[in-house]
């Protein structure tokens, strides 16, 4: 699926071997969709042992592999305990500590559904305002990282199934035995908080448990059939079928195996950390100095080929439920190589179907500001957009038309994939049938820029189309066009 999966590591390994370096252990690869944590655990132990053997590190040096890598796949309740804590939770401080990020708080100004009433889906224009001063600076094309909260229903469902959770709102501190097992120390993974707060803001309760987590859970099953089934799911083939069919949340696992008696300390120590979600910023700070705009598709889907329970995207659902003035903990993440050209006279082609349009709104807002307030005339900026139907989900349609009238956008080309009685048209079709000469002129003749934003499958199809186009124009072989392509000013911001 990902054409450049682990590309940096693979390239580095090849180069090192070319330079006659000795490889201590096989290169490890981690796929977050397929047990990255377990893959790293196995690789780390193997590499550590290989390094000790190669460099003659003996036991007299008292070097040991940490228990978390060498211990068997069990969880021992006597190694953990909960103590009450008087410390109130400072959410921003806690999130900053857990994720090592400098957070700031924004407030929701408004939510606007960009789809028409004819659409069954929702894509939001999210307008956030800074608290107090202007706030941190950002550039068009950068991302806003948001720390969402899990759905209340999921959290409550888990709390109702925890065996030792009589006071879910009591602030507690998780303590663990030190390596020697002689005294208790505070676990640094989470700050003192209530179990409800941990499940809401800090812990990932929607990602399917790993095989290792299922193995640890099996000990809490009081029915033998449940324990055996959980053990069976630790086998790769069984696990992958179960995972990709059900994509279960942690609550759904507890519902599937109702005899599980899970203690609170297990949740606090074993559930993965809830990660921030990233969204392309859809505004220019020069154009809207005290605001950040986002373009957010509200994600809902059913598992089991449409027959399973309804699942909701964690962050998009959380955002959709916000009320005006609600706080939003966030931070800015720079995106290397996805900014407007330093030379504004250089032509650009922007390709962004669906919510892939998000960063390009910040581009045209910046160009509008530069034109109106700095007298800068930008080069040709051609936009290629795609959606299902012009009367349902053509995001920012009126704004695009306004940018054309004002000369900010040179042209807008749109492909629709769900027009009744007409063939599906995607952005790569437009490039091939309508813009082949313009693309070649911008990339080859004028050394301009081409930007692609959207999902990985679309980006792959666009890249394939462009390579064929360039190869035909310059009469290049497949290998030659690959080399040439890397020399072009070709920018991608893609997601899974």
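Every residue gets a Cβ built from N, Cα and C, even glycine.
Now, the feature entries from Swiss-Prot:
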type	residues	note
BINDING	6, 32, 36	FMN binding site
BINDING	121, 300, 355, 388, 417, 418, 424, 426, 428, 461	NADP(+) binding site
BINDING	143, 277, 279, 280, 295, 297, 301, 314, 315, 316	FAD binding site
DOMAIN	101-341	domain 'FAD-binding FR-type'
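Taking the features listed in Swiss-Prot, we show where each one sits on the structure.
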residue	record	DSSP (3 states)
6	FMN binding site	coil
36	FMN binding site	helix
143	FAD binding site	strand
279	FAD binding site	strand
295	FAD binding site	strand
301	FAD binding site	strand
315	FAD binding site	helix
355	NADP(+) binding site	helix
417	NADP(+) binding site	coil
428	NADP(+) binding site	helix
When a 10 Å sphere is centred on the Cβ of residue 428 (NADP(+) binding site), how many other Cβ atoms does it contain?
24
Have a look at the binding-site residues 36, 417, 424, 428 and say which one has the shortest Cα distance to residue 315 (FAD binding site).
36
Can you grab the distance from residue 36 (FMN binding site) over to residue 428 (NADP(+) binding site)? Cα atoms, rounded to a whole Å.
33
As a test of the contact definition, list every same-chain residue at least 6 positions from residue 121 (NADP(+) binding site) whose Cβ is closer than 8 Å to its Cβ.
115, 297, 298, 393
Check the DSSP secondary structure of residue 121 (NADP(+) binding site), expressed as helix, strand or coil.
coil
Pairwise Cα distance maximum in Å, NADP(+)-binding residues per record: 121, 300, 355, 388, 417, 418, 424, 426, 428, 461:
27
What is the Cβ neighbour count of residue 355 (NADP(+) binding site) at a 10 Å cut-off, with all protein chains included?
23
Return the residues near residue 6 (FMN binding site) by Cβ distance under 8 Å, restricted to its own chain and a separation of at least 6 in sequence.
29, 30
Distance [Cα-Cα, Å, rounded] between residue 279 (FAD binding site) and residue 355 (NADP(+) binding site):
10
Measuring Cα to Cα, how many angstrom lie between residue 295 (FAD binding site) and residue 355 (NADP(+) binding site)?
6
Using only the Cα atoms of 143, 277, 279, 280, 295, 297, 301, 314, 315, 316, which the record gives as binding FAD, return the largest interatomic distance in Å, rounded to a whole number.
25
Under a criterion of Cβ-Cβ distance under 8 Å and sequence separation of at least 6, what residues of the same chain contact residue 417 (NADP(+) binding site)?
386, 387, 388, 424, 425, 426
Fewest other Cβ within 10 angstroms of its own Cβ, chosen from the binding-site residues 279, 301:
301
For residue 143 (FAD binding site) and residue 355 (NADP(+) binding site), what Cα-Cα distance in Å is obtained after rounding to a whole number?
13
Quick one: among the binding-site residues 143, 424, which has the most Cβ atoms sitting within 10 Å of its own Cβ?
143
